Ligand SMILES: Nc1ncnc2c1ncn2[C@@H]1O[C@H](COP(=O)(O)OP(=O)(O)OP(=O)(O)O)[C@@H](O)[C@H]1O
Ligand SMILES: Nc1ncnc2c1ncn2[C@@H]1O[C@H](COP(=O)(O)OP(=O)(O)OP(=O)(O)O)[C@@H](O)[C@H]1O
Ligand SMILES: [Mg+2]
Ligand SMILES: [Mg+2]
């Protein structure tokens, strides 16, 4: 038992590399293959404008998937994404109608509304122990109901503020769309939170074995609640960005983000059962999904073929690297 | 059971027959006031919400309200069977007329049969029914495509590269409009290179699809979009794509852009199917119940505004929502709602 | 504990769904202008049965601790297919029905193979296969249309002896033919065991793969039965993305309302059927309450929220906090 | 596949040259074993010696890298537990193979349910289950109970009943008795002996030396993945066996308990009339600083509930708890481990309550002490590494790397990780819920030493164990619980096995003090 030693500090490097597990490197390889295949159709697929455009569009999905990833790491899922996104965008624009104060508070207000949805989800999952798949379905329905009432009753304002436009489409650093910058910041914070903080450690712990985490003195309910609130906040923030991008908010803006956000997180190697996954993978997953959708769209494949290809590509990629362990 | 009669209809300017061979119905006259139901499907977008607001506002107009004992609205979501069941329930509950915005044009055969047996007036609008046995208040979807394509052909006499932003695949509205566009282009005999992308009648989706298309194809000579047009223009602006002729829908935001950038080359034809058509449908239902002659298929006039005729406060409203659909007036039917009446109700109340 | 207490304990989830359904349906019928007539029941039944089939399909997979996010799409695909095939002479119609059901089986088999041999997590695998199924549906029906043998359709959506809705009878028949044998067979038991603890099932030498495969296979079959009924109900086929997604999500809600554990190993399809009927009745309540049309979606959302929160009441009885963790 | 003629002389089962590697870990190396019918064959070895791996290979759970297995002289390969069971080898794993959501009857008949018209016949199944339960001496278990609602010790009996339903030729028990109390063990032993007389071959793995001495005909000792020696039972002393297992000198004495006059210790924890539902009734006691207080009694008399109550897991407890003389409210483990209260609980089941198996050793070790190595919620990696180092040294945890999943450690080392994880917090009061279950003698000894060292430095320890020797050897006092209340307090020379058993059964012990 003399060999009970720990590694030297230098040994952390290979560990980091080892964490770059095959899933993530394969995902990135798939991105490159996609681009090469695309470039056979049109060289424009390799042009900087196109790639930047993709990154910009990917950042909305990226921000939303960040929240989804937190929740998936817990072994939960958030099906209220569509209307959390819409609520974020619509409420931010709504706030903008209230003069200059409203304009400055637009984004925080939109995000806060998303947090309220996340809070309801978190209470349901953590404190009432309702399966997340169903409570989030219900809050999604409630959020939709609220937005319908709101749209019908209050002479809705839905133009994005200048700040929202700037965040989504402006350039603080020349050549780098602000949306990409924001995704980078969100991603950096998420990576830090997941790897370096007690919160992140607890998220992984709960995802792996909630009972043990609880008995280890972790306030598991609070962690779950916070994760859902963050997911709501990030979805709503994604919604405000999306509203900025489109210069306005619309009810259906979140519909096309639910399944892609789940697919992106999982394609990035995060286990849908929770407890395993890294943010780098999610980045890869988001870019993959965005590129795939865009290339299929630009290639003008009919919708039927597009759906089939989309499904098949996801299956094939998962078969390449997303397989569970063999039984023995 | 309606009697098949010959035209013309009671209010010929409003109840215009779809075509020369359209049948005319004369239902047995019933005594009012009537119980009328509106079976809506999906509700969570501005068009539908606006439509429901219009229906309520129309039913509340004193002369209409006097004829109605009850006006009930139910929205059943995207699920066709739920809408079918809703209509069945209205039939069983003895409503006199049912107005429907059908989720699917072909799925209502059994319901139409039952309504007919029960002597109930069934009026479909917007997404109409594939039938000769119910009244359709019809917008010429294909004609819309034709209109847009003609607009583009007019501005691009030599043909050119066109971006077509399509709607929700698999729906008849999308298919009809698409066919209208392509048949018209083909008829010109010029060379048209049409790039199709899916906008799904949704601004962000249309915007992304357009941005991608511009990034790959660089330059288009003309654009036509079935919806999500504000997003399409936004994508052109973001990508620095020069403004080109555009045939599109009637969103307020789109028209704002059209007015603003007309000088730079954004020559628009904005036409479509305003949500106010629900009022025409209700009016038709009441007329039918009163025993007046109505066409089986009513042809609604398109609300068309083309460059350079965009007038602020009439064709578009700068301080109203971008998502709001302009085109609330069917003057021939005596239906004239202003934007404020529909979307600004509570503002006035305040 | 006496025997009936055991029974009560085993069936608690299902009984809850039955309770919720009957309360809601009673409210509905007692406020319905037409009252409890055969027509009203038939209408409710026709609508509820569709979701009930899809919910049953979902249940089988959920029992194995999987989930099938493609059930809605199988439902749509088989609807599109049935609108081509289930027509003509009785023989042709019969062939069509068989082909539709076989397609459902094939879809289920594909899901099963990918999940079992591909070892992919069911959530994502079925999102992907769902996209494929929908794509095929769209190929079959680029726009709504098609037709069905209307005699058969009317028979299946009509009433027997003018009272009993035949769709309800068909549902009961399917439960008897598919669910009951499955749940009491060795393979069904293995499915439960796999869902409850896959490693324990493996150690117990149970045929895990066969059990999972059967679950996915029958799930495809049941979803196809639903698709067939959708065709009977609408006379047509339509590749509607939104309703495919809606049915998938509704099926999950129904399954949970019906007391089936999403963690696997617990619950019955009968519970899920009542969950589906209850879920459908939420929508029906709109008729009998005079709600402002724009408040209806909110009302539905709140009722759903309340219904799913009911299960949380058991939580207050928990005296040992470890029970939170199942 | 080589088929050789079956000779009458061929042993029932034989393996040789069997090796198994997990990545770089050598779990089995050229191992050999021979099993004869009608005999109980014990396998001994310290944690990680490869015992479980060996039997998993025999039971078809794990595929060997190398080597061959013969049954009746015929070479066999098992690709799944089903094939092994069909060939006549059935294994009682530790709580692994029961389906929690199925009833006891379903579980017992799971492999070959009785059928009628192709469907499972529940009536017949129930009869079979009742009979099997009776054979395993567990008539008190209702066949309709869900397995997940049974306490661990009952589950083990169900597991044995289930294995018997396979009618095996070789029955393997891997630490099948480690969660059982003495009474249950005696029960199981009589079953095993009867099976032996029926001609069954039994392979028995346990870390409890006295059980092995009592039961086995033959022993094989494993060390580092290799069979060191086989011998007939009773031909070697315990000391010799242990030295064979660990390959070095060993002293098996419990560490000396410091003589302390009763009542001189400052109280660390005081319970007054603690109650919870009908499981705990009016429990009052005082635990002094530096004292090791044992909890004894039959399994399921409220010992676990008491520990959980003190850790803030149970709701609706009555009575009061004082820590350092101050009344405290315990509403969650988070509250119980706080700086002011300082309680730690080493839980019962390390796989679901102690560890996150897929997470790394390091992450597991620091998991409950994250607040101590972090500031403002940000983990200080240096502090974390330092603290972990200390613990690894202190407990000599054997691991190939800190970034390995903790699941890859052997059972004993996993248990050490659980203990280390809690020592990181330097708790004032430690609650132990059967901490040496499934741990080899040498490691056990290390843990005893550690407990004593902690006690000497002022930590108060409340120690529940199902092993009487351990209670007697380690504790200053023992509280024997019966039906949720304290039946007897034993201390000093009154702590004998006999007295413990007598009070556990709540009978008067006429011979208290007299050696048995
Ligand atoms: N799946 C696995 N992956 C990696 N290493 C493993 C695995 N299973 C076992 N090992 C390693 O193989 C060795 C032998 O383990 P095994 O479980 O057979 O020991 P054991 O004798 O049963 O120990 P214990 O007495 O603790 O139960 C140990 O070093 C263990 O860490
Ligand atoms: N999921 C897993 N992944 C990797 N290795 C595992 C896993 N499960 C078990 N093992 C390894 O298998 C070996 C034997 O497992 P087993 O469940 O028999 O534990 P054990 O060490 O015997 O513990 P116990 O003493 O509680 O029985 C352990 O040493 C462990 O390393
Ligand atoms: Mg072992
Ligand atoms: Mg062990």
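Heads up, the Cβ atoms here are built off N, Cα and C, so glycines get one too.
Any TrEMBL annotation is an automated prediction that lacks curation.
For C:12-29 (among others), the entry in TrEMBL reads transmembrane segment.
Tertiary proximity for the transmembrane segment (C:49-67) is limited to same-chain residues at least six positions away from its ends with a CB under 8 Å from its CB atoms, namely 74-75, 115, 122-123, 126, 167-168, 170-171, 174-175, 178-179, 182, 191-192, 194-196, 198, 211-212, 215-216, 218-223, 225-226, 229-230, 233, 247-248, 250-252, 254-255, 258, 260-269, 271-273, 275-277, 279-280. The annotation transmembrane segment is assigned in TrEMBL to C:49-67 (among others).
For the transmembrane segment (C:97-116), the list of distant contacts is 66, 68, 70, 74, 77-78, 81-82, 85-86, 122, 125-126, 129, 133, 209, 212-213, 215-225, 227-228: same-chain residues at least six beyond its ends, Cβ to Cβ under 8 Å. The transmembrane segment feature in TrEMBL is assigned to C:97-116 (among others).
Per TrEMBL, transmembrane segment is recorded for C:123-140 (among others). Residues of the same chain lying 6 or more positions beyond the ends of the transmembrane segment (C:123-140) and with a Cβ under 8 Å from any Cβ of it are 67-70, 72-74, 76-77, 79-81, 83-84, 107, 110-111, 114-115, 237, 239, 241, 244, 248.
Here TrEMBL flags C:160-182 (among others) as transmembrane segment.
TrEMBL lists C:213-234 (among others) with the feature transmembrane segment. Distant neighbours of the transmembrane segment (C:213-234): 46, 49-51, 53-54, 56-58, 60-61, 63-64, 66, 68, 71-72, 74-79, 81-83, 86, 97, 100-101, 103-109, 111-113, 115-116, 148, 152-153, 156-157, 167, 170, 174, 178, 182, 187-188, 191, 247; these residues of the same chain sit at least 6 beyond its ends, with a Cβ under 8 Å from one of its Cβ atoms.
The transmembrane segment feature in TrEMBL is assigned to C:246-263 (among others).
Outside the transmembrane segment (C:270-289) by six or more residues, the chain places 11, 13-14, 17-18, 20-21, 24-25, 27-28, 31-32, 44, 47-48, 51-52, 54-56, 58-59, 171, 175, 179, 250-251, 253-260, 296, 299-300, 303-304, 307 with a CB less than 8 A from a CB of the stretch. Per TrEMBL, the feature transmembrane segment maps to C:270-289 (among others).
Within the chain, the transmembrane segment (C:295-316) has long-range Cβ neighbours (under 8 A, six or more residues past its boundaries) at 16, 20, 253, 256-257, 278-279, 282-283, 285-286, 289, 324. Residues annotated as transmembrane segment in TrEMBL: C:295-316 (among others).
Packing against the transmembrane segment (C:12-29) from elsewhere in the chain are residues 35-36, 40, 44, 257-261, 266-268, 270-272, 274-275, 277-278, 281-282, 284-285, 287-288, 307, 310-311: each is 6 or more residues past its ends and has a CB under 8 Å from a CB in it.
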